[in-house]
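Have a look at the structure below, then the notes.
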Amino acid sequence: MANITKKVSWSSRADESGATAEGTRLLNGSEPRRLIQFSEGRSLFQIGRLSTVDLEEEMMSEEESLRGRPKEIPHNEKLLSLKYESLDYDNIENQLFLEEERRMGYMNFRCLEISRWVVCGLIGFLTGLIACVIDIVVEQLAGIKYQVVKGENHRFSAYLTVFILASLIVERNCWLIMFSSLGVCFPSPIAAGSGIPQIKCYLNGVKIPRVVRLKTLLVKVFGVICSVVGGLAVGKEGPMIHSGAVVAAGVSQGRSTSLKRDFNYIFEYFRRDTEKRDFVSAGAAAGVSAAFGAPIGGVLFSLEEGASFWNQMLTWRIFFASMISTFTLNFFLSIYHNKPGDLSNPGLINFGRFENNSQSVAYNLYEIPFFIAMGAIGGLLGALFNILNYWLTIFRIRYVHRPCLQVMEAMLVAAVTATVAFTMIYFSNDCQPLSSEHAEEYPLQLFCADGEYNSMATAFFNTPEKSVRSLFHNQPRTYNPLTLGLFTLTYFLLACWTYGLAVSAGVFIPSLLIGAAWGRLCGILLASSGSMWADPGKYALIGAAAQLGGIVRMTLSLTVIMVEATGNVTYGLPIMLVLMTAKIVGDYFVEGLYDIHIKLQSVPFLHWEAPGTSHWLTAREVMSSPVTCLNKIEKVGTIVDTLSNTSTNHNGFPVVVQVTGGDEPAKLCGLILRSQLIVLLKHKVFVELARSRLTQRKLQLKDFRDAYPRFPPIQSIHVSQDERECMMDLTEFMNPTPYTVPQETSLPRVFKLFRALGLRHLVVVDEENRDSKVVGLVTRKDLARYHLGKHGLEELQLAQT
């Protein structure tokens, strides 16, 4: 069967590559796979197998599936959304850039370096300040809510039914969640969730629309406060990473497009993707540091997502921002707690210290197999959590797509959460004596005798952070095993249902709380069997790490975060083993929660490595061709028509020059971006006008920085009919040294170039032509669509047999 050539469209539009997407052959010439499509308006999601999200193929006969060698990894049309573009992380070293760099002296470069440190310090300070505000407001509102519930319980319990008390709690929670959801659904939908998947994509090199705007930050902060106080199974730590990234993006640019304020000449040099992404890395690290009091863990979090672009000085600046964030939060919280100068509250969540002199901290060699087994349990439970949340997300995409429905769903979850919590409290008989050994911050007597408190009520009415700390450090007989078992089951289901709602909330703390509950249960069961070394608090910590690792699948950074949050390196090895085990077990079934949501959003995310068994693929199979090229001196009308063509909405164009002789193919001499061409058209940088105006101002890099990051659309540029006949010289503005590879270059090598250099476009040339004839162009989307999961590789190996 001959290979079938088929044009591939990305969400009814072309790729961002500077090339049309023709020449894409399906595996063995087979027909395109059948897709299950859920679309609403402009949003299009391709749903299929969990490992690859969008693979749902027709059954083929064995003879047909084995016929011939595949020319390309199987993929689908409309796999990626065109609303996502790549960052121009690689500097465009055109003549303007080189002239500006050469004019700058040694002192100028030193001042720029000092400015970078100042910006990182401001990022850390503001991020820590935001974290402090969130923590204080949540604590105050939680205290008010506790006092109100406690007062109403004493007031009504004598003559009203418990159902009235439950309805009052449900009503207050629903109001808070309604406010949180309204802020997300209408002003800023991008503020939903924790924001970690979006920041992971940004650090990976993908420009997510509206992800780092001031409005997003305000909605995020307000929403997470209402979500936590409203009683949802959420945490406020995850959104701090997104908040820090927004602060970094705003501070580093010296202006705000939302407020329409531009502080001219303040950090103007940093108005480009190269600098902005580095500062966003520092902001994300500062957010992690503020959330967990883990500055090193914050650095490693950013390192895991995009460190291939880093250098040593950037790493130090990010660490500096993390330390400033921790110190700022610590300092203001010490004042708030009437202990000025006491810097013992490093983050929003404080696990409490596991002191070395405590017998419960010690662990023995024979306990390591138990820890590894708990890691496997965490991987299984994490995989189950992700699978359930995956199908729930599909349901939301298909049926709960309107803002009013999203608000109603959030309120429904709030009502169900409060009802389930109150039902469990009502039927729970786990009453504990209220003494100094049980120093709970919000003890409730609900349905218990005088001098006792209901441990189930305390678990639900405490903030999740305080519940985690209680599970870590309370005395061994504080919780009944039945209470822990029921709490684990219900909170697991509630957290799974909650993640993905149209509210600002994180999944870190719910995961830790679920794991701490079943981990403490494991410790109680081991202790009841006669194992004196099985301290429940110790196993609660291991269970929390296992559950969180099984859901988010982070290893290096999460290990350091857990160690820093506990203030003791003793558990470094067990936590590392547990997280590795949870990741290995969980990855066998399904990807991590953030990776699943990234794929469901059709983001061109590049993983660390190229797909396995892909060395037989070359750049020729993955590139887009033919390529839309521009001449070195091009007609203005041709440029306008090229940019206005919505069916081929490219963002990068190879620049070629015709070799003397006429019959020879055009020679590659550079690469120019859509954003550059729009600025040139806006300023009418035409050859004829330059000749007629002797005093015409020469275009500078400042003109490009002033238009960054929201370059005007081509439709807003007016070009008269006479101007269409003019010529434009691209020599001074194009990048004369674009990265190129021969068409026989292997896919893994192409993949490494993109990940190591932060590329957006890679020109493919004919290696047999000494004049570098352009034969194709590789973009991030060309590579992202070929990344397969486990099942895809099995299909590929079957086809090669």
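Quick reminder: no glycine exception, Cβ is built from N, Cα and C everywhere.
What TrEMBL records for this protein:
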- 1-12: compositional bias 'Polar residues' (COMPBIAS)
- 1-24: region 'Disordered' (REGION)
- 117-138: transmembrane segment (TRANSMEM)
- 217-235: transmembrane segment (TRANSMEM)
- 279-302: transmembrane segment (TRANSMEM)
- 314-336: transmembrane segment (TRANSMEM)
- 368-392: transmembrane segment (TRANSMEM)
- 404-427: transmembrane segment (TRANSMEM)
- 491-518: transmembrane segment (TRANSMEM)
- 539-563: transmembrane segment (TRANSMEM)
- 569-590: transmembrane segment (TRANSMEM)
- 734-795: domain 'CBS' (DOMAIN)
- Distant-in-sequence neighbours of the transmembrane segment (279-302), which means Cβ under 8 A and at least six residues beyond its ends: 119-120, 123-124, 127-128, 130-131, 199, 202-203, 212, 236-238, 240-249, 251-252, 270, 310, 314-315, 317-319, 321-326, 328-330, 345-350, 508, 554, 556-558, 560-561, 564-565
- Message: Could you check whether the transmembrane segment (314-336) and the transmembrane segment (117-138) come into contact, where contact means at least 3 Cβ pairs under 8 Å with the two residues of each pair 6 or more apart in sequence?
- Response: yes
- Annotated stretches the transmembrane segment (404-427) and the transmembrane segment (539-563) touching (3 or more Cβ pairs under 8 Å): no
- Residues of the same chain, at least six outside the transmembrane segment (217-235), with any C-beta under 8 angstroms of its C-beta? 130, 133-134, 137-138, 141-142, 145, 169, 173-174, 176-177, 179-181, 183-184, 187-188, 191, 195, 242-243, 246-247, 250, 349, 413-414, 417-418, 421, 460, 463-465, 491, 494-495, 498-499, 501, 503-510, 512-513
